[in-house]
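The structure appears right after this line, and notes come after that.
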Amino acid sequence: MQSISPEKIFRGSGAWIKAIPHIKSISKRPLLLGRSLVTNNIRQQIYKDLLSENLDTHISNLQFDCCYEDLKRVKNIALKNNCDSIIAIGGGKVLDSGKFLADSLSIPVITIPLSASTCAGWTALSNIYSTTGQFIKDIELKSCPKILVFDHAFIKTAPKRTLSSGIADSLAKWYESSLTSSKVKDGLVQQAIQISRVLRDQLLIDGESAYQSQSLQNTSWCNVVEGCALTAGLIGGIGGEKCRTAAAHAFHNAITQIVSTQKPLHGEIVGVGILLQLRLEETKNNNKLANQSINQLLVLMKKLNLPTTIAQLGINVFENNNLQRIADFTCRDKSEIHFLPFKISQQDIIEVISNFERQEIKIS
């Protein structure tokens, strides 16, 4: 069975208030899940709103990324309080945690993204990490969230960095799916690829304007944040696995194995992964347009203050055997790198990253 979208979606200004009656209809004892101290004021607002509706509301805060240790602890809290829904409030890893918990407890999940950094509020997937932030695996869940609340007033409070990260992550939808699924004859997959192309074009056109002016009155900002958080999720829902990830995300998963003091965001790593994927296409698949795509992306990435090399993510690939570790994880069994329509070896990864990291990137 294919999980395409959340059952109900509330978006725009005032989305949270509009969603409350629907949440009340499916839950009497929700567990609010969050993490960041910066967004605690929003969680407290949501908590008070639910209490005013006479819901027996409980709160638990995550200590790490979406990891088994944290999930086990919070699951016990939900069971102890007989919670009948999870309301996940935050960024992608909080949303993934909430979805995983609800799935394991067979109760509904309501996702409330507080940034446009990922499409995690939409999807029936959870990425699992270690307590130190290293990617372990992704898990397909039984269904998408019961309710998705995308309130522009909440999103507007997010740092600009989360938006640029979301743009990079969403751009990957086109660069990955157009390569891995272009010959798939399934009509839904082809339609998903075309949606990803339209999304790419919109992000290339409106991305800088949205980044520079995060205002509810800025049409570019509204379109971009919804593109990153909603449309990107729809693409994966319609297109399935091959419209979600390929080399760019394979590089992301591998790079997280190296601990960086800078703690780069998911999309920041994926953005570098897109550049590396395009370089692979150029060198291993004779894609003569790949370099043009790289240059086009570099211009936008500079304007969005995004990293463009692994070094800018806070990792030196030329020390501590980091390069080999990244290559080994990228090419492990069941890695997304194997969705590419050409063969890739560890040595290919080492050569591409070495050359990419050593070159001086000039942006005109």
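Glycine is treated like the rest: Cβ placed from N, Cα and C.
Remember, TrEMBL labels are computer predictions, not curated facts.
TrEMBL lists H249, H266 as glycerol-binding residues, and of the candidates D169, D333, D348 the one it assigns to that same site is D169. Site extent for glycerol: among the recorded binding residues D169, H249, H266, the largest C-alpha separation is 9 Å. A separation of roughly 19 Å, to the nearest angstrom, links the Cα atoms of H249 (glycerol binding site) and V94 (NAD(+) binding site). With DSSP classes pooled into helix, strand and coil, the tally for the domain 'Alcohol dehydrogenase iron-type/glycerol dehydrogenase GldA' (6-151) is 52 helix, 41 strand, 53 coil.
Taking all protein chains in view, 29 other C-beta atoms sit within 10 angstroms of the C-beta of D169 (glycerol binding site).
Least packed by the Cβ count within 10 Å, out of the binding-site residues V94, L95, L125, is L125.
Its Cβ taken as reference, D96 (NAD(+) binding site) is surrounded by 28 other Cβ atoms within 10 Å in the chains shown.
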